């Protein structure tokens, strides 16, 4: 484990904000268990729990908390200066931090989605949801990590993207779905385990290409922005 | 503007002494000019960067440390730009003013992490050496969150020194330290300077600079107001005219009597009382009671008018 990822992980798990990650996945699993034990038809509870809660809320919110936490929190409290005053190429700082963010988000989201998928349909759907949400965690993390370098309010901007763009506009303006990480995850999961429970208008190739583009593009942006990282002066 | 000849401190020459050069450096934020056309060269030894709050010291230090792009001009370390060039951190260490540390680590873990990030061949030994240098070995296994302000500051200095940099920049390093900690930090800076390192620290307190540094750079309102030997600059500051407000039982008679006093350079009389300008602070304050007594006048009030640090500094700009 590199020193950067070690410090990042220590910082992430040491902050109280990290505890906010726990309730959402627990609610997801609890709802799935409850519906299954009450014998509710999976066609009824599957879409709202798996997509409405799992992919539309748990995945982006967890990725937002973690993705803005790995670098944004250090920028906020100024400790980032200790890592930046080292003769490291900036990609050697961004990539380990991104790896920690993706790993933590994917683990936090994929496990409950796997459980819920198995309860709703099959092991295959569980695995598909876990794999697709891990890819989604990569795209979201790259986006939110880059956001913490281009704005002072990454959490707010990230919430606007998740709630307004993906959540609200996605329901009314179907064109916005093409640029929605949530829809890509649904398309990819549906491709891996075709089921009635998942539906989207975005095609699988588009989803795959855009997921890769967003992941790489925002990572490159983050590396470039970190090269020009300025400490705000007292006089500014 | 006064520019005194800089006299670099005599330091033991080392093989690889580094020079930090600023050539016509300015930095502005929108319409606000924070640093205005500063040119200076820093070589081995301890240099104090002195100036009132808001003079642009921190902005200048951030540009030196590669954390801010100059709007105009160039900052170079041994000919290499510091901006967008992480390679300079092999030779440069920074202790920023903001007291931010990973409080969940122990001092040893924190300094060791710095050593590893520098890819030092023996990070454990380097961390122990740096911690010993700031005398933190006894507390090195406690979490930084439990430290006093001075201990945290020393830990930060240890992390900045772990790779034995040629240049060390410190922003207000004495802030919040008690006198004993200050003395200790000053001795450390002296030792480093004497060993041929280029040390620059900023301060807005005259006395701090006096005890550490022979060479100072004085900044006022974004400009380099004076640079050179501290004692010369200090003399310029203390010999400036001092302004006093005086009220007495007979202001007019006192004004006449004061004009005969050598240390007095001017007297103004108005309804509020006298405004007296004196060339020598000590001589005037000793002479005033005697003059008043000799003329049977009682002095009711004597207040020095422009003793703020800002006025001391701005006097330098006008001189």
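Placed from the backbone N, Cα and C atoms, the Cβ positions cover glycine too.
Same-chain neighbours of the transmembrane segment (A:49-73): 8, 11-12, 15, 17-18, 20-21, 24-25, 27-28, 31-32, 35, 80, 94, 97-98, 100-101, 104-105, 108-109, 112-113, 116-117, 120, 129, 133, 136-137, 140-145, 147-149, 154-155, 158-159, 162, 166-167, 181-182, 185-186, 189, 197-198, 222, counting only residues six or more beyond its ends whose CB sits under 8 Å from a CB of the stretch. Feature annotation from TrEMBL assigns transmembrane segment to A:49-73 (among others).
According to TrEMBL, the feature transmembrane segment maps to A:94-115 (among others). Note on the transmembrane segment (A:94-115): residues 2, 4-5, 8-9, 12, 21, 25-26, 28-29, 32, 50, 54-55, 58-59, 62-63, 66-67, 69-71, 126-127, 129-131, 133-134, 137-138, 140-142, 144-145, 219, 222-223, 226 of its chain, located 6 or more positions outside it, place their CB under 8 angstroms from a CB of the stretch.
Non-local neighbours of the transmembrane segment (A:127-147) in the same chain are 50, 54-55, 59-60, 62-64, 66-68, 70-72, 94, 97-98, 101-102, 105-106, 109-111, 113-114, 116-117, 154, 157-158, 161, 181-182, 184-186, 188-190, 192-193, 211, 214-219, 221-222, 225; each lies 6+ residues outside the stretch with a CB under 8 Å from one of its CB atoms. Residues or ranges marked as transmembrane segment in TrEMBL: A:127-147 (among others).
Look at TrEMBL and you will find A:154-173 (among others) tagged as transmembrane segment. Residues of the same chain lying 6 or more positions beyond the ends of the transmembrane segment (A:154-173) and with a Cβ under 8 Å from any Cβ of it are 56, 60-61, 64, 67-68, 72, 143-144, 147-148, 179-183.
Per TrEMBL, transmembrane segment is recorded for A:202-223 (among others). Beyond the ends of the transmembrane segment (A:202-223), by six or more residues, the same chain brings 71, 90-91, 94-95, 98, 135-136, 138-139, 142-143, 145-146, 149-150, 177-181, 183-188, 190-191 to within a C-beta distance below 8 angstroms of the stretch.
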